[in-house]
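Peer 1: Checked Swiss-Prot, it gives:
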type: BINDING; residues: Cys17, Cys19, Cys37, Cys40; note: Zn(2+) binding site
Amino acid sequence: MKPGIHPTYYHDAVVKCACGNTFITGSTKKEIRVEICSKCHPFFTGQQKIVDTGGRVERFRKRFNLEEK
């Protein structure tokens with residue numbers, strides 16, 4: 001590695017989430033702020049929301065006069 005061209009690497013960088021969770025990781029920034037983390041993300045918490053796309057399908061069928069089989 002060439003000296004003087006690489007950013008400083010911090011082994012104790014703090015990641016702060018909007019939910020209040022903090023953890024330590026390695027990064028070129030000393031502090032990182034995120035909006036969502038593994039403690040509050042729906043995939044990890046098991047509280048997934050199901051997106052209702054049924055209305056769009058029904059509108060498509062109605063537009064093209066298709067019947068459900």
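Cβ coordinates are placed from backbone N, Cα and C, and glycine is handled just like the others.
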Peer 1: Can you tell me whether DSSP puts Cys37 (Zn(2+) binding site) in helix, strand or coil?
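Peer 2: In the DSSP reduction, Cys37 (Zn(2+) binding site) maps to coil.
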Peer 1: List, in sequence order, the residues of the same chain other than Cys17, Cys19, Cys37, Cys40 whose Cβ lies within 8 Å of the centroid of the Cβ atoms of the recorded Zn(2+) site.
Peer 2: Ala18, Gly20, Asn21, Val34, Glu35, Ile36, Ser38, Lys39, His41
Peer 1: Suppose we draw a 10 Å sphere around the Cβ of Cys17 (Zn(2+) binding site). How many other Cβ atoms does it contain, all chains included?
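Peer 2: Here the count is 18.
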Peer 1: Around Cys37 (Zn(2+) binding site), which residues of its chain at least 6 apart sit with Cβ under 8 Å of its Cβ?
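Peer 2: Val15, Cys17, Cys19, Asn21, Phe23 - these are the non-local Cβ neighbours of Cys37 (Zn(2+) binding site), listed in sequence order.
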Peer 1: With every protein chain in view, how many other Cβ atoms are within 10 Å of the Cβ of Cys40 (Zn(2+) binding site)?
Peer 2: 16
